[in-house]
Amino acid sequence: MEAITKNGSLSQTLVHCGPKSLSSFIPVRCLRFSKNPFPKKLVVTRARTSINSDHEAANRPLFQFPPSLLDDRFLSISANQSEIDSLGRDIEALKAKVSEKLVCMDVKERIHLIHLLVSLGVAYHFEKQIEEFLKVDFENVEDMNLGEEDMYSISVIFRVFRLYRHKLSSDVFNRFKEENGDFKKCLLDDVRGMLSFYEASYFGTNTEEILDEAMGFTRKHLELFVGGSNEEHLSGHIKNVLYLSQQENAEVVMSREYIQFYEQETHHDETLLKFAKINFKFMQLHYVQELQTIVKWWKELDLESKIPNYYRVRAVECLYWAMAVYMEPQYSVARIILSKSLVLWTIIDDLYDAYCTLPEAIAFTENMERWETDAKDMPDHMKVLMRSFIDLHEDFKREVILEGRLYSVEYGIDECKRLFREDLKLSKWARTGYIPNYDEYMEVGIVTAGIDMTVAFAFIGMGEAGKEAFDWIRSRPKFIQTLDIKGRLRDDVATYKDEMARGEIATGINCYMKQYKVTEEEAFLEFHRRIKHTSKLVNEEYFKTTVPLKLVRIAFNVGRAIDTNYKHGDGLTYGGIVEGQITSLFLDLITI
């Protein structure tokens, strides 16, 4: 479960910085590159403990984690149910007006509106309508693009179709090239077009060279545009997109940012803006209620008085993670299920990584495999943790039993056991000083990335996820496998330094250095190259997958949650990385 639980630092990346005022929509982000070079060292050769040590307990791999973001600011907030009900009525009234717009517009205008609905976080209200329109419109897309020379428009059309799994050819961008293959100089005069073209490049696959070129070309010039003579709100929007593209960012964060940007656009649609603001406030109040539920559950669990303080308490951070997977209000129960699971997975991951001895890790894994509350051969605190974990799943069963979906929880339990078996292998490597080669490491690492388990638990609270959805995960489809690899790579880069500090020398970076005889710097550069390559594979498999779009999107969003939390460091361990985003969702309620 490392892909959601560890820390590290990442050189040569954009970092999030700026004021954290509660009066702003989201903290300003600015561009800053690390000046710290990678040390040119080779592999650490031995861990500090041995499987035969007589002093296992004395040599626990203790590690001091930073505190949670959950403080009095979050504990004091509340949501008024009457306000939620009132906002719900307003949403229904405005929804009808927006739906009319979708029907009455011509094809190109409608696609631009769909792009706005997605960016503002309200497209989920019209998903069936949108899918039906785009299915028909895609058949006539060549006529739609004929003679179109506006880069912004072409990029928006490209992004919308690809988002809804229609693979519009990237050849549409050839019109923006000179005969010598360079992009036309006149494109630099269209800042919004350049930004949209940059966003479009994130939908590329490994066979689309023009989108690789577009990403480099547009990013280079967008960085120059920031702080230039452009409008302040446009510069701020560019900063946000350069920090995380819409394709990488959590939808809920992207929507919050885009609403602020759109409000300051001169020609914004007042009805659409009002609808987006009311809808976002409606969602925020649901999130506040969910946080209250999770905090209440955590306090009643009272693990802090029952087990040693070796772990991270990450209630608000785990809910933020779940919100990145699905933001819609109708998935409140699903978010709570996923959040509670994430909270306990994090503690169990810390048990394996940062506290238990090897005999304890073996006993814990064997008892989890039996799935019985009368655990044997374990310290009392581990028995308490195991009972809490099993009891949580009994709660989940009660939640889904009336829907006839007990299989969803049973499948989730199987995924947990699979993960714990692989976690034990990592523990053995760490405690015995074994450094596998990279290929051997990845066989374990793609499981401990936790993607399969996270997708499975994300489906538990979704009534529309039937048995076939879980069978799909069990079949280990290539789409999920590529997400596994991407999650593993992101985690390995972000958590490397902390893992080494804990004596976990069998890290992805270290194993790669060992197998290929390269320096740390070279290993990091290769991992970044592989992340980019794997992101394109994810896109390719997204287009190929025949599972219902809603379910594929949830799995895809698990990958976005990885990007949101790990692209610029370990946001789950070091909450300051994502504090601005979390603050903007829970504490800075949007003003209507």
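Even glycines carry a Cβ here, placed using N, Cα and C.
Annotated features in Swiss-Prot:
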- Asp349, Asp353: Mg(2+) 1 binding site (BINDING)
- Asp349, Asp353: Mg(2+) 2 binding site (BINDING)
- Asp491, Thr495, Glu499: Mg(2+) 3 binding site (BINDING)
- 349-353: motif 'DDXXD motif' (MOTIF)
- 1-52: transit peptide (TRANSIT)
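Here the features listed in Swiss-Prot are placed on the structure.
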residue : record                : DSSP (3 states)
Asp349  : Mg(2+) 1 binding site : helix
Asp491  : Mg(2+) 3 binding site : helix
Glu499  : Mg(2+) 3 binding site : helix
How big is the Cα-to-Cα gap, in Å, between Asp349 (Mg(2+) 1 binding site) and Asp491 (Mg(2+) 3 binding site)? 14
The binding-site residues listed are Asp491, Thr495, Glu499; by CA-CA distance, the one closest to Asp353 (Mg(2+) 1 binding site) is Glu499
Could you pull the average pLDDT for the motif 'DDXXD motif' (349-353)? 94
Around the Cβ of Asp353 (Mg(2+) 1 binding site), other Cβ atoms within 10 Å, all chains included, total 27
